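Worksheet: one structure, shown below.
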Amino acid sequence: MTNSTSDFVGVLEADLNGQDLRIGIVQARFNEDHCVALTSACINELLSLGVTQSDIKLVTVPGALEISFALQKMAETGEFDGLIALGAVIRGETYHFELVSNESAASITRISIDSGLPIANGVLTCDTDEQANARVQVKGAECAQAVVEMANLALALTPDIDIEINASEEE
């Protein structure tokens, strides 16, 4: 007889219902064609998951290194259940590609951990424009799915503050 882990522990299943979630998107404008395609695919997927257009806020920034500043400011507002970073870094002839790729990824992760807010990283790092073109549709949709799933997970794992307040009032 084979037992699954759900026979022994409580399992929080992936929840891709975006209804009532408030999602912020930060899109870089550098390599704009790729970024606009990423954003379009992402928003279309968010809508298909039940996030309403009025619950999606999009801001644009000059490039990938500026994404983290906007994410930080959006996280500080407390208005969002999840954030999405979208951009495209294409390798050139200098070390700049590695710097931008590494720093943008590290800062996005740091903001997510420090703020406790899920952030889907959709900053493409590709060698060529062709590679970026091949990835924009899938990556944009994957970021939407990831942020909805992680926002729902965060909400499910967050204690209900009202219950705690009511319980302490009854004492």
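Every residue, even glycine, has its Cβ placed from backbone N, Cα and C.
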According to Swiss-Prot, ALA64, LEU65, GLU66, ALA88, VAL89, ILE90, ASN121 bind 5-amino-6-(D-ribitylamino)uracil; identify which of PHE30, PHE80 is listed for that same site.
PHE30
Rounded Cα separation (Å) that holds between GLU93 ((2S)-2-hydroxy-3-oxobutyl phosphate binding site) and PHE30 (5-amino-6-(D-ribitylamino)uracil binding site):
17
Which one of the binding-site residues (THR94, ASN121) has its C-beta surrounded by the most other C-beta atoms within 10 angstroms?
ASN121
Of the recorded positions THR94, HIS96, ARG135, which one sits closest to GLU66 (5-amino-6-(D-ribitylamino)uracil binding site) when you measure Cα to Cα?
HIS96
I'd like the Cβ neighbour count for HIS96 (active site, proton donor), meaning other Cβ atoms within 10 Å of its Cβ, all protein chains included.
11
Could you find out if DSSP has HIS96 (active site, proton donor) as helix, strand or coil?
helix
